[in-house]
Ligand code: ATP
Ligand code: RIB
């Protein structure tokens, strides 16, 4: 079982040719609504790959919250720990996507910030959590959990850096890695993080794939070459696929290779959630044929 402790947002995706400059007004090409939030994206992506997933998250007592719960039921997520918070609104995210598939995101946290330490229980299996909820709730989840703990530090706003001592695997992207370490030199930054994190730091590098760093070694695992359409949630799909393979007791290298394949495929389609099992079989077959 994978337990995800994290956020839900209704994503409002605004497609543009180019991002506006400060003070500039531009026209949208299209506006789309979809389910998002890093917690929900990671939970649903892992469930689509075939894992049993329990989500601990909060929504508002509103239509968006009810639609989220309906969506999770359809996606076979265990919703027994979902909280509906009275007097707060479901989180929303405003996502600009330009013609190259780059994104800029503003999140209104709403009910995500009402998820509290009391909403967390202990469990084993794999824990996957991110930073779109209160830091003290992330800390409680990391302290309560008995299994393998993965923290995707997104966004990288961590006040009490000692929570990294509770983490087995940390999965920053390049920007988050810099924000966490203040280091221009990657080796120096890794040394700082590997003194805290118990098992590994995996830096996701966009089109270049991902770097696995443990106390013993560094291994760069390249991603397949693709033509990106929308990179929103690439990190979410990567983390979900990583957790899914680690749950199957695969080793780190094999799990990151799988995560790269699934995440790179996901950037060729719109939306922040990964492919279903049927598509995955095709992706894996194609990657075998390319060898
Ligand atoms: P996001 O914030 O958009 O969700 P991220 O910045 O957290 O993503 P990235 O490092 O950009 O994460 O990407 C995560 C993973 O997705 C990469 O390690 C890689 O496997 C895959 N990926 C992302 N962009 C590309 C790309 N252009 N081509 C191939 N694979 C990609
Ligand atoms: O990682 C992508 C997610 O970040 C989006 O779904 C949006 O909700 C923001 O939280």
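Each residue, glycine too, has its Cβ placed from N, Cα and C.
Matching 112, 146, 165, 173 to the ATP binding residues that TrEMBL gives (204, 205, 206, 207, 208, 209, 235, 236, 260) identifies 173. Of the residues proposed, 132, 135, the one TrEMBL records at the same substrate site as 9, 10, 11, 37, 38, 39, 40, 41, 236 is 132. Look at residue 9 (substrate binding site): DSSP puts it in a strand. For residue 9 (substrate binding site), the same-chain residues lying six or more positions away in sequence with a CB closer than 8 A to its CB are 36, 37, 40, 90, 91, 92, 93, 107, 108, 112, 132. For ligand 1, the neighbouring binding-site residues among 11, 38, 40, 173, 207 are 173, 207, by Cβ distance under 6 Å. By a simple count of nearby Cβ atoms, those within 10 Å, the most crowded of the binding-site residues 232, 269 is 232. Within the set of binding-site residues (132, 236), the lowest number of other Cβ atoms found within 10 Å of a Cβ is recorded at 132. The separation of residue 205 (ATP binding site) from residue 232 (K(+) binding site), Cα to Cα, is 14 Å.
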